[in-house]
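This report concerns only the one structure given below.
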């Protein structure tokens with residue numbers, strides 16, 4: 001190869017079979033603007049801004065589908081609990097999958113607050129003061145004491161008349177339904193799920209304080225949680241169903257549980273993921289949607305999207321631009 005003499009030589013264009021027409025453009029704040037104008041500007045922003053716009057389009061496409069919503073416990077610890085509760089209250093989502101920590105966080109917040117703090121607080125100092133840090137949030141240990149007292153009373157009630165030899169058998173989703181019916185607080189996700197008959201699945205429900213409290217309870221042998229029956233139930237949520245869709249904040253067990261259930265109908269038609277996990281360690285948490293296609297959990301040719309970023313920033317924008325919008329001049333997902 002000859003030594004390049006100019007920029008044209010360096011560029012070395014030898015083919016002409018690719019073309020692009022959509023120019024990169026950002027928000028023009030010198031023109032009249034509103035929230036939806038900002039959201040529409042993400043289409044040509046590039047990087048995760050453009051993926052966020054694609055997520056808006058995908059949610060528009062899924063609105064007539066059965067929507068599975070999943071999230072991890074830290075999502076419920078944050079202010080996103082209020083956003084999710086609104087979606088459940090208005091029946092915008094139809095099946096929930098939440099980690100055990102998320103179940104207990106929702107219950108606790110119905111009685112006691114979580115506080116904003118700082119990522120850099122000293123762990124030992126927090127421990128001595130009876131405070132537990134979740135990122136830049138803190139939860140007083142006394143909140144868990146209140147949860148224990150509340151849950152113990154419920155276990156006493158629901159195991160009345162049962163024995164260790166003939167225990168009461170509940171699926172985790174049935175148990176969670178009972179908890180939701182006992183909550184008298186409209187800020188709660190479980191409250192609205194029970195009220196609107198929206199199932200809440202939690203395959204790892206005992207991985208956290210709920211499991212600890214149940215294990216401490218003197219009547220623990222009188223209550224059995226049937227996890228296998230719940231796997232059957234969530235799989236049946238998809239069989240013979242029309243179009244299904246998923247919105248998943250975070251990853252791990254909630255992501256796999258939703259995607260695996262949709263394997264039983266040959267895959268989701270629509271999907272939006274928001275997380276920061278990478279696929280390079282082979283984990284399901286970081287796996288791309290295309291990998292899910294290879295397992296039959298997402299249908300080929302779908303326009304699902306994964307947005308890399310912090311759900312506490314991204315999800316309120318998505319909800320405001322789709323489920324809760326007032327401005328109708330938005331993408332129709334076509």
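The backbone N, Cα and C atoms fix where each Cβ goes, and this holds for glycine too.
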Same-site spermidine binder from 157, 197, 212, given that Swiss-Prot records 104, 105, 256, 282, 283, 284, 291, 292, 293, 294, 295, 296, 297: 212
Of the candidates 2, 9, 207, the one that Swiss-Prot places in the NAD(+) site of 73, 74, 75, 76, 77, 99, 100, 101, 105, 276, 277, 310, 311: 207
Length of the line joining the Cα atoms of residue 77 (NAD(+) binding site) and residue 294 (spermidine binding site), in Å: 33
DSSP state at residue 77 (NAD(+) binding site), helix/strand/coil: helix
Rounded Cα-Cα span from residue 105 (NAD(+) binding site) to residue 284 (spermidine binding site), Å: 25
Pairwise CA distance, residue 75 (NAD(+) binding site) versus residue 104 (spermidine binding site), rounded so that it is a whole Å: 12
Which of 100, 282, 296, the listed binding-site residues, has fewest other Cβ atoms within 10 Å: 282
Cα separation, residue 292 (spermidine binding site) to residue 100 (NAD(+) binding site) (Å, whole number): 24
Pairwise Cα distance for residue 276 (NAD(+) binding site)/residue 282 (spermidine binding site) [Å, integer]: 14
